[in-house]
Amino acid sequence: MAPSVTLPLTTAILAIARLVAAQQPGTSTPEVHPKLTTYKCTKSGGCVAQDTSVVLDWNYRWMHDANYNSCTVNGGVNTTLCPDEATCGKNCFIEGVDYAASGVTTSGSSLTMNQYMPSSSGGYSSVSPRLYLLDSDGEYVMLKLNGQELSFDVDLSALPCGENGSLYLSQMDENGGANQYNTAGANYGSGYCDAQCPVQTWRNGTLNTSHQGFCCNEMDILEGNSRANALTPHSCTATACDSAGCGFNPYGSGYKSYYGPGDTVDTSKTFTIITQFNTDNGSPSGNLVSITRKYQQNGVDIPSAQPGGDTISSCPSASAYGGLATMGKALSSGMVLVFSIWNDNSQYMNWLDSGNAGPCSSTEGNPSNILANNPNTHVVFSNIRWGDIGSTTNSTAPPPPPASSTTFSTTRRSSTTSSSPSCTQTHWGQCGGIGYSGCKTCTSGTTCQYSNDYYSQCL
């Protein structure tokens with residue numbers, strides 16, 4: 001079977017329909033973006049559904065010439081086919097993708113992303129997709145969130161230590177850097193940048209013959225798994241960024257029983273994340289002065305981890321890059337919503353969920369462990385909403401606690417006295433491990449299963 005006919009980089013996007021119609025049955029891979037309904041909200045008008053979809057990143061695609069010779073090789077481009085931008089644009093075609101095989105499925109307002117997919121040769125392959133939110137015209141949705149809020153539901157229960165389910169904002173161009181040699185642009189996932197200044201084969205849609213990094217402001221709304229999470233702004237100048245950022249991680253801030261399976265934010269179940277970008281005058285025209293994180297679960301507001309709220313109001317590491325004011329300007333001009341799932345072969349994601357950052361051991365996040373024990377690891381994002389602060393969720397105060405309990409505790413719960421009967425851990429909750437002193441009896445229908453010396457879980 002011949003490879004599919006695809007979009008030439010120099011062919012207008014409007015020609016896509018004609019190219020698809022000319023393809024032979026069973027031989028083509030057209031670019032069909034999975035629909036993902038999102039919502040734009042106002043206090044006066046409520047939330048209105050948006051006609052949006054997702055598109056897979058440009059670098060995940062096959063590029064080839066008319067004879068199906070690859071235009072890319074390990075470490076860059078085929079210099080015979082791509083000696084310069086104009087020749088590359090003339091010679092090379094870019095494929096559409098099979099989204100389901102790439103670990104991406106959508107249903108209504110819900111997006112599921114898998115780390116691994118079954119391989120045709122047996123076993124599993126790491127697909128680790130990265131996606132961008134696209135409008136009905138084939139350009140990126142530009143979220144202008146200064147003085148606004150962003151809310152979404154997320155299910156991280158299937159993400160173990162070492163996995164990172166991410167939802168963040170990147171200051172990419174609306175058209176993905178489309179130009180005369182790359183008319184595919186955003187419609188094919190072009191133009192990625194972030195605060196790590198990645199060096200890619202294409203830089204904002206242009207062949208990167210000078211091997212420059214591509215820096216831009218990055219606002220990490222969520223980097224997390226079922227054990228830890230972080231909220232982190234990364235401000236940039238044109239050529240450099242605050243790559244480390246100044247984030248808030250509940251565990252890293254000392255609130256070690258706030259976030260996790262069975263904890264205050266119970267990651268064994270779906271929950272809602274609300275992120276508010278507060279300005280000095282309370283409107284989108286003001287200067288960004290703080291970023292606030294809130295949670296809901298089962299429609300009920302969850303108390304913040306920190307007294308006074310989980311808020312980032314200063315960013316010393318970003319002072320050389322303009323601090324929060326720079327991020328506010330990026331949020332005002334518009335940023336692209338990015339979704340990803342990934343793991344880390346070198347550092348095992350320890351910066352996110354191990355040591356001072358989380359409860360995971362230094363080796364739990366090894367991708368070989370993840371694949372062996374959690375080949376179906378995935379994240380689900382749903383009900384993505386943005387708009388006026390206070391417009392994207394229905395807030396309900398938490399019920400009053402029983403007389404014998406407190407509203408919030410910074411230490412893991414245990415039985416109240418040494419003579420009390422054993423407490424019962426919930427499904428997915430921790431039930432054993434070195435240093436663990438909490439509930440060791442699992443709820444009915446589950447048993448305490450060993451994962452490693454530091455962690456056993458009710459399954």
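FYI, residue positions are counted from 1 along the chain as it appears here.
Every residue, even glycine, has its Cβ placed from backbone N, Cα and C.
Among the features that Swiss-Prot reports, compositional bias 'Low complexity' is placed at 404-425. Marked as domain 'CBM1' by Swiss-Prot on the basis of sequence analysis: 423-459. The N-linked glycosylation site annotation in Swiss-Prot covers Asn78, Asn204, Asn394. Taken from Swiss-Prot, the feature region 'Catalytic' applies to 23-397, supported by a curator's inference. According to Swiss-Prot, the region 'Disordered' annotation covers 390-425. Annotation comment: Swiss-Prot describes 398-423 as region 'Linker', evidence class a curator's inference. Under the heading site 'Not glycosylated', Swiss-Prot lists Asn164, Asn208, Asn281.
Overlay of Swiss-Prot annotations on the structure.
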residue: Asn78; record: N-linked glycosylation site; Cβ neighbours (10 Å): 18
residue: Asn164; record: site 'Not glycosylated'; Cβ neighbours (10 Å): 25
residue: Asn204; record: N-linked glycosylation site; Cβ neighbours (10 Å): 22
residue: Asn208; record: site 'Not glycosylated'; Cβ neighbours (10 Å): 18
residue: Asn281; record: site 'Not glycosylated'; Cβ neighbours (10 Å): 10
residue: Asn394; record: N-linked glycosylation site; Cβ neighbours (10 Å): 7
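Nearest in space to Asn208 (site 'Not glycosylated'), taking C-alpha to C-alpha distance over the recorded positions Asn78, Asn164, Asn281, is Asn78. Ranked by Cα separation from Asn78 (N-linked glycosylation site), the recorded positions Asn164, Asn204, Asn281, Asn394 are led by Asn204. Ranked by CA distance from Asn204 (N-linked glycosylation site), the recorded positions Asn164, Asn281, Asn394 have Asn164 at the top as the closest. Note: the CA-CA distance between Asn281 (site 'Not glycosylated') and Asn394 (N-linked glycosylation site) rounds to 24 Å. For Asn164 (site 'Not glycosylated') paired with Asn394 (N-linked glycosylation site), the C-alpha to C-alpha distance reads 28 Å. For the recorded site, Asn164 (site 'Not glycosylated'), the DSSP three-state label reads strand. Averaged across the region 'Linker' (398-423), pLDDT in this predicted model comes to 33.
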